[in-house]
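A.B. asks: Checked Swiss-Prot, it gives:
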BINDING   ASN235, MET264, TYR293, HIS329, SER349, ARG350, GLY351, ASP390, GLY391, MET392, ARG393, GLU429, TYR456  substrate binding site
BINDING   HIS433, HIS497  Zn(2+) binding site
BINDING   CYS577, CYS580, CYS585  [4Fe-4S] cluster binding site
Amino acid sequence: MSNRRETRAQAQQFIDNLKPLQHPNSEKIYLQGSRADLKVGMRQIHQADTLIGGNETNPVFEANPPLKVYDCAGAYSDPDANIDVRKGLEKFREHWIEERGDTEQLAGVSSGFTQQRLADDGLDHLRFESLLPPRRAKTAKRVTQLHYARQGIITPEMEYIAIRENMALAEVNDPILTQKDKGESFGAVIGEPITPEFVRQEVARGRAIIPLNINHPEAEPMIIGRNFLVKVNANIGNSAVTSSIEEEVEKLVWSTRWGADTVMDLSTGRYIHETREWIIRNSPVPIGTVPIYQALEKVNGIAEDLNWETFRDTLIEQAEQGVDYFTIHAGVLLRYVPMTAKRLTGIVSRGGSIMAKWCLSHHKENFLYEHFRDICEICAAYDVSLSLGDGMRPGSIADANDEAQFSELTTLGELVKIAWQYDVQTIIEGPGHIPMNLIKENMDKQLELCDEAPFYTLGPQTTDIAPGYDHFTSGIGAAMIAWYGCAMLCYVTPKEHLGLPNKEDVKQGLITYKIAAHAGDVAKGHPSAQIRDNALSKARFEFRWEDQYNLGLDPDTARAYHDESLPQESAKVAHFCSMCGPKFCSMKITQEVRDYAAAKERDELANNIDIKSDAEYQSCADSETTSERELGMAQMSAEFKAKGAELYHEAADKQRDAVLED
């Protein structure tokens, strides 16, 4: 069997046998909202107790409460869920949409292309089997979350988000876990706690979006904005030369397991329409697309043959399928294209290069820019959010922050204000390849030019010397720009610039970017961000190995790395690891020092010995003569040498050997 067939067969087997997957020692829980049908899915990580005293026969333990964390996996992490990818996920938002009374179910699809696909019997074997007619706003109605927010309405989606973003912070009362630095937010104002009203205000202001198409009721509400947790997007999608529908559905499920807050389907190969339907119906997270890719397929890949009519039909096709946000390269203007001529790497955005070629071949202004108000009308009818694409982003650090890049950003700032006139939720896409010293300028200019609309960046990649490791080179920039105020990061995988990512690449990219996003949250001072860090640090200091693994982003890898060096069962409770060994573990030594100090204090209290303060000890030391100090040091030195000049002695060695023999 060829590698391609084998990969496809494995993907088919995966989705045929798909069962909910849970991380070790975790369970799916639901936090109840103000109404019966508002239940917010979270992951709860259970921890072992801490030994605080007693003896071998009567140990005394202190409980470590379970930790609640954000969970993007929807039904895929719920053992009680009945998953069938051929039927799709439960449409749990359907009732919320219907009860608002401002949408209607159409008799059939509106897109001419979709009508052609449905009439083609040759596609029956590929088609998602449980298709329903799409919804659209009633005449003269706007159905966007931005519209509701501006009307002062707190939707169920907004309440869901508030509960989710807080991560049960109010339940955590251990000062060890709640301690945090106030952070440096660079002007971001984060609610503490985050309330439904705060969510509404941020959406109404345009500082945050809730990307939820009315035709994607399976999606769980989430928010993108700099005053909330930094989000991460994963890219999937087939191409003309590789991947299949089965593989893309597998990658979707895999992405949500490892923390993708949104997923972009960047398919460019055959069966784009059918692949997208399977993805949306099985996605608990918002789905984004770049519609120009499919429009180009419809004109046989010839950019010059693109036109507004084809693109418009593509927007309606995708909106009625349930796409939650469109990337639109409307800022690539004819007059900006010559600005890229002296660049080292020219135009590297696929969508940007398509529109640049169209502009030059027709010597006309970008038709996406010319028809931008028409695009907004379509988006407003389905609550599709706009992600204004950065077609002029730099493809090398040599081209960073140049005239072309910032000219386009200025235009995007103008377009976002037009979108807001139509109550269309909008975010701004950013670079790209930017050295560390130029990253903050990008964030500052975006906030200024785009009136604080959320920023969504690809990296940025901070150096160009590491093909195969660009998840690292870009993760550095991603952490920095997340701290400065970026709302969502688009992941980069190890295959960036080299090939289409597989499952393992997707995982590596997501873990890298979840680290970057979390580091940004901690640095900004997000109220609930550092709790998980503190819990893991406490587990590490107390040598609760299983809790260390399970509180981390990737428990399986952490456990495998530890067991690779110390596979014995006894090593899972030992107070050292293979890095330093039993004699040089700094945390073990610290614990021994603490125990010694505590025992000494108890002895002094028992014997009525006056316990001096640090200042009193210093006063005594100051009164000693130099000769007295030297004599004391000499005596201690002689005692150390008499015992063999060993840092650790037989008792500690015997204790360690006993642990390893268990």
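Including glycine, each Cβ sits where the backbone N, Cα and C put it.
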A.B. asks: Could you measure between GLY391 (substrate binding site) and HIS433 (Zn(2+) binding site) for me? Cα positions, answer in whole angstrom.
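C.D. replies: It is 13 Å, counting Cα to Cα.
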A.B. asks: Pop the Cα-Cα gap between HIS433 (Zn(2+) binding site) and ARG393 (substrate binding site) into the table, whole Å please.
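C.D. replies: With distance taken Cα to Cα, HIS433 (Zn(2+) binding site) is 8 Å from ARG393 (substrate binding site).
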A.B. asks: DSSP on GLY351 (substrate binding site), three-state: which is it?
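C.D. replies: Once the DSSP labels are grouped into three classes, GLY351 (substrate binding site) ends up as helix.
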A.B. asks: Within 10 angstroms of the C-beta of TYR293 (substrate binding site), what count of other C-beta atoms is obtained when all protein chains are considered?
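C.D. replies: If we count other Cβ atoms within 10 Å of TYR293 (substrate binding site), we arrive at 20.
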A.B. asks: At the Cα level, what's the spacing in Å between SER349 (substrate binding site) and HIS497 (Zn(2+) binding site), rounded?
C.D. replies: 12
A.B. asks: Would you mind pulling the longest C-alpha to C-alpha span across ASN235, MET264, TYR293, HIS329, SER349, ARG350, GLY351, ASP390, GLY391, MET392, ARG393, GLU429, TYR456, which the record has binding substrate, in angstrom?
C.D. replies: 20
A.B. asks: Among HIS433, HIS497, all listed as binding-site residues, which has the most CB atoms within 10 Å of its CB?
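C.D. replies: Checking each of HIS433, HIS497, the winner is HIS433.
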A.B. asks: TYR456 (substrate binding site) to HIS433 (Zn(2+) binding site): how many Å between their Cα atoms?
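C.D. replies: TYR456 (substrate binding site) to HIS433 (Zn(2+) binding site), Cα-Cα distance: 14 Å.
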A.B. asks: Please work out the number of neighbouring Cβ atoms within 10 Å of the Cβ of ASN235 (substrate binding site), leaving out its own Cβ.
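C.D. replies: ASN235 (substrate binding site) is surrounded by 24 other Cβ atoms within 10 Å.
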A.B. asks: Sort HIS497 (Zn(2+) binding site) into helix, strand or coil using the DSSP assignment.
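C.D. replies: HIS497 (Zn(2+) binding site) sits in coil per DSSP, no helix or strand.
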